[in-house]
Amino acid sequence: MTPELNLKSLGAKTPYIFEYNSDLLEAFPNPNPNLDPLITLECKEFTSLCPITSQPDFGVIFIRYIPKDKMVESKSLKLYLFSYRNHGSFHESCINTILLDLVQLLEPKYLEVYGDFASRGGIAIKPFVNYAIKEYQEFKEKRLLNAK
C-alpha cells in the first residue's frame with residue numbers, strides 16, 4: 001500500500017505560474033534514509049529575465065543532492081523552475097536562491113546547484129554554489145574544487 005504523500009502537483013491539472021514562487025516546491029519522505037545516493041536533476045529549459053534589460057536568459061540547471069529525510073518531488077521542482085520565467089534576476093542570484101529554497105525544503109546532507117547559461121555578449125556565465133551539513137563539509141570542499 002502506498003503511503004499518503006499529500007502532494008498537490010503530481011497527478012493534478014497543472015497551472016503554470018511564471019512569477020518566482022518557492023511555495024511550488026514539495027517534498028516526500030526519503031524511502032531509504034540509511035543510504036547516501038547522489039541524485040542529479042537537470043532542467044534543460046531554464047529561463048529567467050535579465051533584471052537590467054528584461055531580455056530573456058536561457059540556461060541548463062543541474063541540481064545534485066544527497067537526501068536526508070526528504071526528497072524533492074520532480075514535478076513541483078519543474079513548476080518551481082518554470083516560475084522564474086518572468087523573474088528578473090542575475091544568473092548568480094537565481095542559482096543562490098534555488099539552493100537556499102531547496103535547503104530550506106529538504107534539509108539535505110549535501111546539495112549543489114550549477115547553472116550553464118547561454119552566452120550573451122560573448123560571455124557565458126556558469127555559477128556554482130553548494131551546501132553541506134557538518135559531516136559532509138569535506139565532500140563539499142572537494143566538489144567545489146572540482147566544479148565544472
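Every residue gets a Cβ built from N, Cα and C, even glycine.
Note that the structure is predicted; figures quoted are calculated from it, not measured.
Per Swiss-Prot, these features apply:
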type	residues	note
ACT_SITE	CYS50	active site, thioimide intermediate
ACT_SITE	ASP57	active site, proton donor
BINDING	VAL72, GLU73, SER74, HIS91, GLU92	substrate binding site
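Everything Swiss-Prot records as a feature, shown here on the structure.
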residue: CYS50; record: active site, thioimide intermediate; DSSP class: coil
residue: ASP57; record: active site, proton donor; DSSP class: strand
residue: VAL72; record: substrate binding site; DSSP class: strand
residue: HIS91; record: substrate binding site; DSSP class: helix
Lowest local Cβ density (other Cβ within 10 Å) among recorded positions: ASP57, GLU73, HIS91, GLU92: GLU92
Those recorded positions of CYS50, VAL72, HIS91, GLU92 having Cα within 10 angstroms of ASP57 (active site, proton donor): CYS50, HIS91
Which same-chain residues, if any, lie at least 6 apart from CYS50 (active site, thioimide intermediate) yet have Cβ under 8 Å of it: PRO56, ASP57, GLY88, PHE90, ARG120
Local Cβ density at SER74 (substrate binding site) - other Cβ atoms counted within 10 Å: 12
